[in-house]
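These notes are about the structure you will find just below.
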Amino acid sequence: MTSSLNASLLATVATSIPESQFIFNSTHYFVLALMLSISAAIGVYFGFFAKGEDTTEEYLMGGKRMKTIPIAISLVASQLSAISIMTIPAEMYAYGINWVFNVVCMLFVVPILNYVVIPVFYNNNITNCYEYLEMRFSRKVRGLQTFIFIATLFFMLPIFIFVPSLAFSQVTGFNVHIINIIVCGICVFYTMFGGIKAVVWTDVIQAAIMVISVILVGVLGAHRVGGLSEVLRIAGEGGRLDVNYNFDLSTRATFWNIFSSATILWAGNAGLNQSCVQRIVSLPSLSHARRSLVIFGFGFIVIMFFNCFTGIVMYSRFHDCDPIAIGQVSKLDKMVPYFVQDTVGHIWGMPGVFISCVFSAALSTLSASINSLGGVVYFDYIKPHINHTEHKANVIMKIFVLIAGIHCVFGGMVVDKFSSIFQVVYSIVGVSFGANCGVFLLGMLIPKAHEKAALSGVAASIASILSIVILSWGRNQYDPISQSTEGCPANMLNTTFSADSILHTQKEQESSILDLSFNWYVAVGFLITWLVALPLSFILKEKSDAKRNPKLLSPVIRPFVNYELTQMEEPREIKLEILEKNYG
């Protein structure tokens, strides 16, 4: 998998010019150390001084006494990962404004979660979202989805923490793997000892740092260019504000593939992913959860909008002297630190704030992921085979958190070899998130859906998208919108190459499903799940002991369904409702 500008070609351009670094002084180190120290201190506080009962409910859900606003902020922080901070502005810089529909889709995602998904979890007192799949379908469906969840995090966890380590290495010259070890150690420490309470409250602190940094970089960057109107003028002339409505499935980013995949991705990640569901159901009631999700949606849109805006500002700053084309930056993933250095690096404390922002984003995502991962692994794979006690469960989950941290350290050595982290991430989530969201919504919205249909749909989706990802690896190369080096000082160029001359030259080849843009993977995965599972729900006969319970359907579908209960006791209120309809 390659980035838009091949590193081997760039090596011929301005090879004598090293990538610039921040002047990272004691002030900046202090800012970063302060953020990391606060995170560790919160872990110490909740792990040793404000300990609740030694139970799994306390460790994983804070005793279901968490507060609305902290949970909302925690959700925002974990969605705004270091990957987002580092790669989204670079994506906007190279490929234009289409990615902003990832933000717009949140206007639809929050209502879907509030009225379709989350009520089902509260109505059934579900604390592990995969427990729903067992209640609705079978133990096999639950097992398949938990395996996919674990496998996805196995690949994603090292990326979460490696990205900020890469940024820090970029601006200081320190060895990226040593940084990785230190930061992983801090994250594992406060997650192990503090549990979900430490995760949430460190997220609150880290989110504040992220908001300050993202907004300051965008606003100060625009001021450096000449103001908002000048940013929009330059970006418009450079084609960065043009929305691509082309339905060509091979085009990297269009309105259609970004909006459709993002809607499914964020619905699945925020409402059907255990790391987020665990925090949502830690609130005392459904009304609290709904308010928290509304606040989350608002915060997500504001922060991600400024993050996207930074990419447009970045293009306006370098529109006539592309740092990649002249060799100042080796690849797109390193553009954001370079831009921050160039634009606000001279401002007291800003380099430290920016690096703290990137680490905050990574820590919030990583801590929530490994905390929930420990719970899923224990309850699904360990508890059935041991004599369970609450204390033993907590010890095992903490050990697993430690193992996950060690995996992140060694996994970072592999991530270091990737040339385009953004594309790798979307390929990984594309394999799993479409099927994950598809099977949950199938169970909640289709009363006739059953185990055989669900398993077939998920298997077909995973197999199809995984095959496309593997077979197309290295095949698809996406050229950015035209770049320029016309405004570069003469002493920055030692070649007559222009940006256009080092774009990929693609060979003519017949259209193939392997040309499918990675931005379609999530949407296509979801679609395959439903195209296979929906007809099979009516064609295949369900088992005689199939579970039917109206409470397992979404509230939006229940009024339209004549869903008789079988193989389980009917709740009294449902019996009365049926009697009234038949004899009232």
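Every residue, even glycine, has its Cβ placed from backbone N, Cα and C.
Annotations in TrEMBL come from automatic prediction, not curation.
For 29-48 (among others), the entry in TrEMBL reads transmembrane segment.
The list of residues near the transmembrane segment (69-88) in space but at least 6 beyond its ends in sequence, with Cβ under 8 angstroms from a Cβ of it, reads 99, 102, 159-161, 163-164, 166-167, 199-201, 203-204, 206-207, 210, 214, 266, 269-270, 275-276, 279-280, 282-283, 291-293, 295-296, 299-300, 303-304, 307-308, 311, 332-333, 336-337, 357-362, 364-365, 368-369, 421-422, 425. The annotation transmembrane segment is assigned in TrEMBL to 69-88 (among others).
If you look up TrEMBL, you'll see 100-122 (among others) marked as transmembrane segment.
Sequence-distant neighbours of the transmembrane segment (143-168) (same chain, 6+ residues past either end, Cβ-Cβ under 8 Å): 32, 81-83, 85-87, 130, 133, 174, 176-177, 179-180, 183-184, 187, 273-274, 333-334, 336-337, 355, 358-359, 361-363, 365-366, 369-370, 373, 376-377, 380-381, 404, 407-408, 410-412, 414-416, 421, 424-425, 428-429, 431-433, 435-436, 439, 455, 458-459, 462. Annotated transmembrane segment per TrEMBL: 143-168 (among others), in sequence order.
Here TrEMBL flags 174-193 (among others) as transmembrane segment. Within the same chain, residues 36, 39-40, 42-44, 46-48, 161-162, 164-166, 168, 199, 202, 359, 362-363, 366-367, 370-371, 398, 401-402, 404-406, 408-409, 412-413, 416 sit at least 6 positions outside the transmembrane segment (174-193) and bring their C-beta atoms closer than 8 Å to a C-beta of that stretch.
Sequence-remote contacts of a segment are chain residues at least 6 beyond its ends whose Cβ falls under 8 Å from one of its Cβ atoms, and for the transmembrane segment (200-222) they are 35, 38-39, 42-43, 46, 62, 66, 70-71, 73-74, 76-78, 80, 85, 190, 194, 228, 231, 279, 299, 303, 306-307, 309-310, 313-314, 316-317, 339-340, 343-344, 347, 350, 353-354, 356-357, 360-361, 363-364, 367-368. For 200-222 (among others), the entry in TrEMBL reads transmembrane segment.
The annotation transmembrane segment is assigned in TrEMBL to 293-315 (among others). Panel annotation: around the transmembrane segment (293-315), residues 68-69, 72-73, 75-76, 79-80, 84-85, 88-93, 97, 99-100, 102-103, 106-107, 109-110, 113-114, 118, 207, 210-211, 214-215, 217-218, 221-222, 225, 231-232, 234-235, 238, 240-241, 270-271, 280, 335-336, 339 of the same chain, lying at least six beyond its termini, place a Cβ under 8 Å from a Cβ of the stretch.
If one looks beyond the transmembrane segment (353-381) by at least 6 residues along the same chain, the residues whose Cβ comes under 8 Å of a Cβ in the stretch are 28, 31-32, 34-36, 39, 56, 60, 74, 77-82, 84-86, 128, 130, 142-143, 146, 149-150, 153, 156-157, 160-161, 163-164, 167-168, 171, 183-184, 186-188, 190-191, 195-196, 198-199, 202-203, 205-207, 209-210, 212-214, 216-217, 274-276, 278-279, 337, 340, 344, 393, 396-398, 400-401, 404-405, 408. Annotated transmembrane segment per TrEMBL: 353-381 (among others), in sequence order.
A Cβ distance under 8 Å defines the sequence-distant neighbours of the transmembrane segment (393-415), meaning residues of its chain 6+ beyond its ends; these are 54-56, 59-60, 154-155, 157-162, 165, 176-177, 180-181, 184-185, 187-188, 191-193, 366, 370-371, 373-375, 377-378, 382-383, 421. Summarising the annotation, TrEMBL assigns transmembrane segment to 393-415 (among others).
Annotated transmembrane segment per TrEMBL: 421-446 (among others), in sequence order.
As annotated by TrEMBL, transmembrane segment applies to 453-474 (among others).
Annotated transmembrane segment per TrEMBL: 520-540 (among others), in sequence order. With a threshold of 8 Å between CB atoms, the same-chain residues lying at least 6 positions outside the transmembrane segment (520-540) that come near it are 249, 257, 260-262, 264-265, 268, 426-427, 429-435, 437-439, 442, 446, 448-450, 452-454, 456-458, 460-462, 464-465, 468-469.
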